[in-house]
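Below you'll find the structure, written out as structure tokens, and then a few comments.
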Amino acid sequence: MVIRDKIFSTITSIFRRHGAVTIDTPVFELKEVLTGKYGEDSKLIYDLADQGGELCSLRYDLTVPFARWLAMNPTIQSIKRYHIAKVYRRDQPAMKKGRMREFYQCDFDIAGVYDPMLPDAEILRITTEILDSLDLGTYTIKINHRKILDGLFEVCGVPTDKIRQISSAVDKLDKMPWEDVKKEMTEEKGLPEEIADKIGQYVLKKGGRDLLKELRSTPELAANASFVQGLDDMDLLYDYLEIFEVIPKMSFDLSLARGLDYYTGVIYEVVTEASAPKAQKSSKKETSKPANNDPDADRSNDDTIGVGSIAAGGRYDELVGMFSPSGKGRVPCVGISFGVDRIFSITKARMTEEVRGNDVDVYVMAFGPKGFTGMVKERLQVCKTLWNAGIKAEFTYKVKPKLMNQFSSAEKNGVPYAVILGEDELAKGVVKVKELGLPEGHPEKDGVEVKLVDLPQEVKKRIAQRGDKESAIAKAVENVTLEEKN
């Protein structure tokens with residue numbers, strides 16, 4: 001939870017920097033609200049048993065509830081909103097890889113009628129700010145456009161009623177080789193083989209603006225209105241992303257389809273080096289799977305399962321209108337969702353040292369000769385004084401504690417300072433302030449005497465100095481080149 005809270009704090013501070021406000025929605029929604037919004041993934045929705053009332057389901061994501069909320073509040077024509085909450089999916093778990101059935105999502109969405117690609121560009125800028133702040137290592141933002149995909153499928157001869165099914169199959173190219181995806185399209189979804197082969201000529205392509213130019217120069221694609229509109233959007237988006245310095249993180253990837261049915265424009269997802277499963281080269285070889293065939297078993301050790309994308313989203317201009325047949329109709333929206341538990345699993349794997357379990361700055365201790373009272377009331381008094389000054393402090397719940405046990409408790413939780421009470425010192429109105437972990441021979445190894453009346457001020461000063469020192473060290477490390485670190 002310490003790590004997760006820091007992730008939440010980092011993400012929300014950036015959301016607020018960009019002017020977002022927060023809302024909340026119920027954990028469960030009417031089943032009819034969620035039905036038909038997620039394509040093939042609808043089978044992963046948790047339905048609640050009918051107890052004589054309306055049929056409900058646990059929310060699958062935070063996007064559909066947001067669209068429903070917008071439709072129910074017609075006075076709100078535009079909003080930047082973020083929402084951090086749990087969602088639920090009846091999927092196979094892989095706990096160590098952040099793939100769970102109950103997990104947190106952090107969503108950011110911009111709703112309203114604006115000029116093309118401006119909100120989309122800001123969301124991608126927010127994405128890079130968050131990922132750079134979380135220090136997850138190398139990452140790539142894969143991007144595509146639903147109109148480009150739909151136009152591509154039309155040109156290749158995919159029937160209109162099969163476009164979403166084929167999109168869902170193509171979206172698996174990051175997990176499966178083309179042979180397996182083609183097999184799914186032809187054998188499971190009834191697509192003629194020649195059409196699948198034609199699709200394969202395009203969907204394996206990825207690049208940047210060079211790919212946009214290549215596609216625009218292909219006559220049969222350039223003749224499709226949907227395809228050209230998607231290319232125009234992408235060209236404009238690239239103009240804005242150059243200013244936002246996002247381009248180096250981007251990959252225009254024609255295999256990205258995003259399985260959810262509600263997307264209508266730009267779509268994107270973020271992957272890191274730790275996101276993908278081990279590459280599968282051939283469909284003929286059996287992939288290694290756990291011996292346990294229980295669908296509820298934890299599949300963390302299954303090499304065919306990776307962490308997956310750590311963030312994903314896109315434009316969904318029609319979703320609000322599905323809940324609002326009235327004049328409000330369409331409210332264009334674009335957003336992104338960050339999977340906190342997947343980010344957590346990567347962060348945990350990259351950590352080289354233990355995380356402090358609490359934020360306490362001062363441990364109040366007492367010592368004295370054999371038979372001393374333990375000064376429990378005096379310790380309580382000192383703690384109260386520190387708390388009143390806004391200082392994080394604690395003490396042991398023993399009336400007559402042993403000094404070594406008190407030091408052990410402080411060190412276990414990484415508390416940086418001890419305030420030590422002694423009978424003789426208290427009689428003179430002083431206590432000792434000791435920084436824990438100092439090396440032998442340090443001039444303050446045994447602590448320094450501080451007047452009791454000056455204690456809060458002295459402790460605050462030392463905490464501030466320690467923070468400045470840690471910031472300076474962190475800054476120095478950032479400026480060291482990779483070769484010097486090695």
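The backbone N, Cα and C atoms fix where each Cβ goes, and this holds for glycine too.
Features reported for this protein in TrEMBL:
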DOMAIN    1-369  domain 'Aminoacyl-transfer RNA synthetases class-II family profile'
BINDING   Asp61, Leu62, Thr63, Arg89, Gln105, Asp109, Arg258, Tyr262, Tyr263  L-histidine binding site
REGION    278-304  region 'Disordered'
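Between the binding-site residues Thr63, Gln105, Thr63 has the most other Cβ atoms inside 10 Å of its own Cβ, all protein chains included. Comparing Cβ neighbour counts within 10 Å across the binding-site residues Arg258, Tyr263, the minimum falls on Arg258. Sequence-distant contacts of Asp61 (L-histidine binding site), defined as residues of its own chain at least six apart whose C-beta falls under 8 angstroms from its C-beta, comprise Tyr38, Val87, Gln105, Asp107, Ser337.
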